[in-house]
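Accompanying notes for the structure given below.
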Ligand SMILES: [Mg+2]
Ligand SMILES: [Zn+2]
């Protein structure tokens with residue numbers, strides 16, 4: 001008999017760490033110093049930790065592909081996110097990251113891949129490797145692409161609505177057909 005686990009999938013930028021307002025507009029953190037946790041994420045991750053539900057990060061990180069940073073900088077930002085969670089006594093157990101972009105400038109990362117959200121590739125890979133029951137699992141994101149990926153994989157979807165992005169993205173998120181829409185991560189704790 002093969003009993004599969006329930007997992008709690010989380011997007012990173014805009015859900016675990018806040019988006020950052022730079023001169024050119026909203027973006028994911030471009031430096032480790034710019035990483036700030038979203039209010040309530042430690043409680044969400046902590047609740048899953050307490051219930052022994054694996055927390056799995058599912059993130060598009062095309063910064064290196066686009067030539068905005070090098071691999072070392074990208075890793076330092078990622079590490080900072082996890083360090084801040086650790087300082088709150090909580091942890092993300094696994095991470096699955098797509099580094100590709102169809103219009104990159106770094107040849108080996110420039111491609112139409114199967115893992116970049118809205119495609120469900122990362123969720124499907126995690127489910128295979130970690131023996132996860134997707135139908136029992138939640139995917140918490142903040143963009144329409146997260147909802148699309150979650151639905152395509154057969155997860156229950158939660159979208160965290162915030163206004164730290166360009167108006168079109170904010171609007172798109174509000175209209176996304178998520179199973180749950182929340183304005184605060186505090187509302188997510190009781191769903192876990
Ligand atoms: Mg996001
Ligand atoms: Zn990819």
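Cβ coordinates come from backbone N, Cα and C, glycine included.
Feature annotation from TrEMBL assigns active site, nucleophile to 11. Under the heading active site, proton donor, TrEMBL lists 13. Among the features that TrEMBL reports, Mg(2+) binding site is placed at 11, 13, 142, 143. The Zn(2+) binding site annotation in TrEMBL covers 98, 100, 113, 115. The site 'Stabilizes the phosphoryl group' feature in TrEMBL is assigned to 59, 117. Here TrEMBL flags 116 as site 'Contributes to substrate recognition'.
Sequence features, as recorded in TrEMBL, placed on the structure.
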residue: 13; record: active site, proton donor; Cβ neighbours (10 Å): 25
residue: 59; record: site 'Stabilizes the phosphoryl group'; Cβ neighbours (10 Å): 22
residue: 98; record: Zn(2+) binding site; Cβ neighbours (10 Å): 21
residue: 100; record: Zn(2+) binding site; Cβ neighbours (10 Å): 21
residue: 113; record: Zn(2+) binding site; Cβ neighbours (10 Å): 16
residue: 115; record: Zn(2+) binding site; Cβ neighbours (10 Å): 19
residue: 116; record: site 'Contributes to substrate recognition'; Cβ neighbours (10 Å): 21
residue: 117; record: site 'Stabilizes the phosphoryl group'; Cβ neighbours (10 Å): 24
residue: 142; record: Mg(2+) binding site; Cβ neighbours (10 Å): 27
residue: 143; record: Mg(2+) binding site; Cβ neighbours (10 Å): 23
Between the Cα atoms of residue 98 (Zn(2+) binding site) and residue 59 (site 'Stabilizes the phosphoryl group'), what distance do you get, rounded to the nearest Å?
6
Neighbourhood of ligand 2 - recorded positions from 11, 13, 98, 100, 117, 142 with Cβ under 6 Å:
98, 100
Is any of 11, 117, 143 (recorded positions) within Cβ reach of ligand 1, i.e. under 6 A, and which?
11, 143
Residue from 11, 13, 59, 142, 143 whose C-alpha is spatially nearest that of residue 115 (Zn(2+) binding site), among the recorded positions:
59
Tell me, in order along the sequence, which recorded positions from 59, 100, 116, 117 have their CA within 10 Å of residue 142 (Mg(2+) binding site).
none
Can you grab the distance from residue 59 (site 'Stabilizes the phosphoryl group') over to residue 117 (site 'Stabilizes the phosphoryl group')? Cα atoms, rounded to a whole Å.
8
